[in-house]
Amino acid sequence: MTRKIAVVGAGYVGLVTGVALAQLGHYVTCIDVDTTKVDQLNRGELPIYEEGLRELLLANREAGRISFTAHPKRGLRSAEVIYIAVGTPPKEDGSADLRYVESAAYDIASYATQECVVVCKSTVPVGTNEQVLQWIEKEKKEDIKVHIASNPEFLRQGSAVYDTFHPDRIVIGSNSSYAWDVLTEINAPFEAPIVKTDLASAEMIKYAANAFLAMKISFVNEIANLSEKLGANIEDVVSGIGKDQRIGEAFLRPGIGYGGSCFPKDTKALSHLGSDFMERLRLIETTVEVNDMQPSRLIQKAIKRYGDLAGKRMAVLGLSFKPGTDDMREAPSLSIVNGLVDLNAEVVAYDPVAMERAATIFEEGVDFASSVEEALTGADGVFILTEWPVIKNIAPDVYAARMNQPIIFDGRNCYGIEEMKEAKLEYYSIGRPPQFGQLISNPLT
Ligand SMILES: NC(=O)C1=CN([C@@H]2O[C@H](COP(=O)(O)OP(=O)(O)OC[C@H]3O[C@@H](n4cnc5c(N)ncnc54)[C@H](O)[C@@H]3O)[C@@H](O)[C@H]2O)C=CC1
Ligand SMILES: O=C(O)[C@H]1O[C@H](OP(=O)(O)OP(=O)(O)OC[C@H]2O[C@@H](n3ccc(=O)[nH]c3=O)[C@H](O)[C@@H]2O)[C@H](O)[C@@H](O)[C@@H]1O
């Protein structure tokens, strides 16, 4: 059955959700307070980089199934299902800031005109959905029945469209059988297992999933840091433990720590929730601590290698928090680039899509190159911070040909150590013994 759906918040989640629902045949209006974003979307331009999204957006716009507005009244009037997909950023103390969710709830109270299911996709602390319903009930202008459901989102940036159409599971938390029926029907085409539960459990599932994945990353980074000191190779260690099906290899890629808009904020929000209820989550607290330290490890290697970085020309390859996105939120590159600038290195950065955003963040001391080759030319060292294909596929001889000193600090383990040994490159990575080329005997001793 085709439904009239409103999506409040047209960011990464709201936009992808809206486009996917339109693709399923529903009539979708996305509402956003950001008028620049709405204007862009109405022109068929995407405010974010996400593979495959533009084509789907244009096709559904053309078919008249999706539109964008900054006026909540226009979008919410006669909507049967209303998704909330606004941001829930961290407050100073780490807890989730619910002001945008609250404001979305009041808009719904003001402008919804018929019985509807309000579906919260935003990641929110346990108890928030109940609160949203109370906000709406308290202020609603029409005498309508409002059902509330939690339907947390599990997509990853960079593969958001694929993930939306191929979810591992769909979680629907509600106390309303009407909401369950409507959402089961809407989600049926995704052909994924549906976990039906109550509101609190659905909210907890989202935080627990992100915290567990973040914990895997901090775990592997700690084992990597120790492996490096003991002469073990973390890639072999992960391969050895990951083949145990109870462990698995996913999310055990060592590196410079997790970034992005969600793992950092959700681990802190969960940890805060634990403290609020006198149940400290020590594993999560440590996960955060380990992650905060991880980016500086790459800089420490450089300090150990050069002594003084002042005046050294450092190429930085990759700025976004992961490949496939232009999102710079909590990217490990932020602290690494700032660290290099603080050490008075000359930084020349390249990223295939995130440079425009990055230029608004790094104000001084960072130049941007228009290609990998340009960034490498004349450099005294290179920091690999995001494993974009165009970066991880750089042939080893390009470093030697372009750089003043081909010294590589690889924060994403893009290369095999044997490969770098053969290329005679001086190569430092995460969780593996350093490899030295023919030019340098052993700088660490
Ligand atoms: N980014 C991601 O990959 C994922 C995010 N999430 C969760 O989804 C939620 C949204 O995240 P993103 O899409 O990344 O955020 P975002 O910051 O990209 O987008 C949020 C949008 O909501 C708009 N907005 C704020 N208040 C509004 C209001 N009252 N009415 C209409 N629009 C309003 C903002 O202008 C913005 O465009 C967060 O809770 C996040 O934790 C969950 C899974 C994946
Ligand atoms: O709640 C969210 O927002 C989303 O958070 C993550 O998705 P995302 O942050 O987009 O990207 P990931 O692929 O999970 O990567 C997050 C960070 O972890 C790092 N990472 C990931 C995997 C790994 O093995 N090692 C590692 O360092 C990445 O480089 C990146 O900085 C989750 O994977 C999604 O399921 C979830 O919906």
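Glycine is treated like the rest: Cβ placed from N, Cα and C.
It should be emphasised that the depicted structure is a prediction, and the values quoted were computed from it without experimental measurement.
Matching LYS196, LYS265, LYS392 to the NAD(+) binding residues that TrEMBL gives (ASP32, LYS37, THR88, THR123, ARG329) identifies LYS265. The 6 Å Cβ screen around ligand 2 retains PHE251, ARG253, CYS262, LYS322 from the recorded positions PHE251, ARG253, PRO254, CYS262, LYS322, ordered by sequence position. The recorded positions recorded for this entry are PHE251, LEU252, ARG253, PRO254, CYS262, and the Cα of CYS262 lies nearest to that of LYS37 (NAD(+) binding site).
Helix first, then strand, then coil: DSSP counts for the domain 'UDP-glucose/GDP-mannose dehydrogenase C-terminal' (315-417) stand at 35 helix, 19 strand, 49 coil. With all protein chains in the displayed structure included, the most crowded Cβ environment within 10 Å among the recorded positions LEU252, CYS262 is that of CYS262.
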